[in-house]
Amino acid sequence: MIEEEVLKIIKPTEEDKKGIEKVLEIIRERLNKLDFEVEGSFRKGTWLRQDTDVDVFVFYPKDVGKEYLERNALNDIINRIKDLDYTLAYAEHPYVIVNINNVEVDIVPALRVESGDRAITAVDRTPFHTKYVTSHLDERGKDEVRLLKRFMKGIGVYGAELKVQGFSGYATELLVIYYGSFRKVLEAASKWKHPIKIELTKPMRAFSEPLIIPDPVDPRRNVTAAVSLKNIATFSVAAKYYLKNPSMEFFFPSKKVEEKIKGDVLILRLNLDEKSSEDIIWGQIKRSVNKIERALKQSGFRVIDIQAWGDTSNIVIAVQLESKNIGQYYLNIGPQYYSETIDDFIQKNDNIWVGEDGRLYSIKERKEYNAEAIAKKNIVLKVKYNIESYWLQNTEDQQIMKFLRKTPTWLK
């Protein structure tokens, strides 16, 4: 059975676990006398073999407040690990990433609260998530979560960060707890039609998102609030087709040969000079993508597709147009002959005539008809960056080929 084969690949061995435990021993020594716990998928037993990142939470009394975490707590942690290979990262508040033997350990300051619904910062709920999941999943259930995670990674819908807008690890765990197994999650998802409500607990307020899973440890929160409709739909379609014809392609998609370029494709390569948090950068990239698309359409271009990918240093925006060539002039459609606005139309336009349909028309010159210039002008990054832009002629870049192909390898 395919799922058993996948598990052999993704389930960590005892050696894998020992390797991470050795790294954690180093961290434990550095955090001695602090109130800390290992959290996340490693602690819950739902981690994948290829994932070598571990979460360690350092807890402080809730009375010290959020500002204390951002300054005092962070400095305390840095002083304890400053001789190790570490970098600062940013979410709701800063945290530290330590790299030891190719294992990434996220050391996150948090506040110790009585229950998940009393969380002051988002990370304060984490230990309650851990307790909930470990009390509701047996060993087989953990393997079912692993299968679901790998499936979602394979089809590109895993990861709650803004860049992806997909399913979090916690969401996959709750789905398996609710439905009972990987296959049962897929059977349900294949029939989804939004809005979808999955209630392990009764919500404490109304939610408007397309997929609603109230957090069992804090029912005021929707666990899947960040999941985009596109990713919900992709997961549903993939579930349907996997159940029809199970394949390793869903878990480990293959690379395809070069695709034919249809239309004109503009590639914008951005190299960022400054570091910032991933969510901040990708919030600006998504706004840029929307602004570019809107500006191109307003200028008369027919946009087939526009996508962005990359990390926090190097980003690619690909714009696919029916054609990069549009006329310098265009037909401007005016009001009907009996409209009170015809005087205004006549004053503002030249080359005016009355059409066979009784409507006034004119010829107008486009303000902008260079698609490349329009796209570059509508990038709204707030950090310094260099940009290289070109019209695609050919490529061996796998991500660009994926953009050209459109159809996921698991679908066809």
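Every residue gets a Cβ built from N, Cα and C, even glycine.
Swiss-Prot annotates Asp53, Asp55 as Mg(2+)-binding residues; of Asp16, Asp85, Asp106, Asp117, the candidate listed for that same site is Asp106.
The Cα of Lys149 (ATP binding site) lies closest to that of Asp53, out of the binding-site residues Asp53, Asp55, Asp106. The Cβ centroid of Asp53, Asp55, Asp106 marks the Mg(2+) site; residues of that chain outside this set whose Cβ lies within 8 Å of it are Gly40, Val54, Val56, Ile97, Glu104, Val105, Val108, given in sequence order. For His129 (ATP binding site), the count of additional Cβ atoms within 10 Å of its Cβ stands at 24 [all protein chains shown]. Lys44 (ATP binding site): 21 other CB atoms within 10 A of its CB, across all protein chains.
When the binding-site residues Asp53, Asp55, Asp106 are screened for a Cα within 10 A of the Cα of Ser41 (ATP binding site), the ones that qualify are Asp53, Asp55.
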